[in-house]
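Colleague: Here's a structure for you.
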Amino acid sequence: MLPTIITDIECLVTRPDRHNLVTVVVHTNKGVTGYGCATFQQRPLAVKAMVDEYLKPLLVGRDANHIEDLWHMMMVNAYWRNGPVINNAVAGVDMALWDIKGKLADMPLYHLFGGKSRDAIAAYSHAASDTLDGLYQEVERLYAQGYRHIRCQLGFYGGNPDALHSTRQPTEGAYYDQDQYMANTLAMFRALREKYGDRFHILHDVHERLFPNQAVQFAKAVETYRPYFIEDILPPAQNEWLAQIRSQSAVPLATGELFNNPAEWQNLVINRQVDFIRCHVSQIGGITPALKLGVFCQNFGVRLAWHCPPDMTPIGAAVNIHLNIHLHNAAIQEFVAYPENTRKVFPQAVEPENGYLYPIERPGIGVGIDLDAARQFPVVYRPHEWTQSRLPDGTIHTP
């Protein structure tokens with residue numbers, strides 16, 4: 001096979017709507033261009049610097065066909081490895097290389113991986129409101145669109161604090177009360193089941209807001225409402241507590257969006273302490289490790305529910321779809337509808353149909369970027385106040 005030489009690499013940061021989105025573009029001597037998602041929205045310029053200053057000079061002139069070798073070289077070339085900056089940068093290139101390979105083969109990625117395991121993947125979206133009445137409206141809107149899996153949140157992550165008992169001069173931050181959050185969330189589950197019965201599956205994201213003993217209590221209490229899964233009940237640093245939760249509750253557990261490397265998920269999967277792995281594909285380094293993770297999880301009966309928040313590009317979301325269509329143990333896919341400007345920048349962005357995401361039949365990833373449109377929306381710094389989460393006494397907590 002004749003080599004496909006990498007001739008240039010670009011990294012573009014654009015903010016068409018609320019989030020800074022990072023896209024890697026790989027050019028080749030055959031005129032075939034690949035696109036990848038490298039979004040780390042809290043530190044987008046760090047990822048751009050990694051691509052522009054380090055990965056581009058490392059890769060230009062090399063054969064784009066050798067994805068496995070290039071992935072390992074990118075990952076170890078700096079010696080210090082793993083973490084959101086280097087992993088997202090590597091992932092953007094990795095996705096672009098797979099995109100090129102699919103285009104050269106004239107095959108969509110899921111065919112290149114080995115074909116489909118299903119006709120479509122069920123999607124879930126987010127219903128959130130500060131009030132139950134508002135939440136009901138959101139649930140019914142999504143249900144009417146065909147969703148039968150809905151993530152429900154009363155208030156923002158950590159709930160909607162009522163009469164917070166804070167200090168006299170609170171440090172700036174996003175405050176919440178863990179006890180109020182648990183009580184309000186359990187009341188939310190009860191109200192949803194009483195109103196809707198089993199018409200749809202309820203998902204919920206704790207978003208790491210509890211201490212371990214509280215997580216045990218919450219998992220036991222919420223089990224009676226039969227959630228599809230409870231997401232990120234603990235921060236990764238406390239995941240050894242999952243064994244205790246597992247021993248006391250049958251509630252399905254999902255985690256993984258902050259994971260960087262196999263050491264973080266290996267024991268959880270082997271010991272079957274989670275039901276769903278929710279890794280963010282660019283956060284773990286791209287398609288190359290995601291395929292391996294999928295097969296590894298299947299061997300232990302753990303299913304896949306890739307992280308797909310609004311702060312990633314439609315290119316990254318399309319990659320998730322290809323993985324889901326191919327990998328046998330894919331369970332469900334998070335999805336949030338794209339705002340207008342994002343659809344202008346990524347005109348091939350894929351949307352669900354009646355609650356399902358269907359295979360993308362275009363060669364490669366099948367979603368690109370309109371570079372001219374993207375340049376109309378330059379990067380804008382955001383302080384991300386919501387990650388400055390604090391308890392009533394002012395202690396900062398995992399967001």
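Every residue gets a Cβ built from N, Cα and C, even glycine.
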Colleague: Can you pick which of Arg190, Arg226, Arg278 Swiss-Prot lists for the same D-arabinonate site as His207, Glu257, His307, Glu334?
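Modeller: For the D-arabinonate site that includes His207, Glu257, His307, Glu334, Swiss-Prot also lists Arg278.
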Colleague: According to Swiss-Prot, Asp205, Glu257 bind Mg(2+); so which of Glu172, Glu223, Glu231 is the extra one listed there?
Modeller: Glu231
Colleague: Under 8 Å Cβ to Cβ from Glu257 (Mg(2+) binding site), same chain, six or more residues apart: give me those in sequence order, or none if nothing qualifies.
Modeller: Asp232, Arg278, Cys279, His280, Gln283, His307
Colleague: When a 10 Å sphere is centred on the Cβ of Arg278 (D-arabinonate binding site), how many other Cβ atoms does it contain?
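Modeller: Cβ-Cβ neighbours of Arg278 (D-arabinonate binding site) within 10 Å number 24.
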Colleague: Roughly how many angstrom lie between the C-alpha atoms of Glu231 (Mg(2+) binding site) and His207 (D-arabinonate binding site)?
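Modeller: Glu231 (Mg(2+) binding site) and His207 (D-arabinonate binding site) have their Cα atoms 7 Å apart.
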Colleague: Fewest other CB within 10 angstroms, which one of the binding-site residues His207, His307?
Modeller: His207
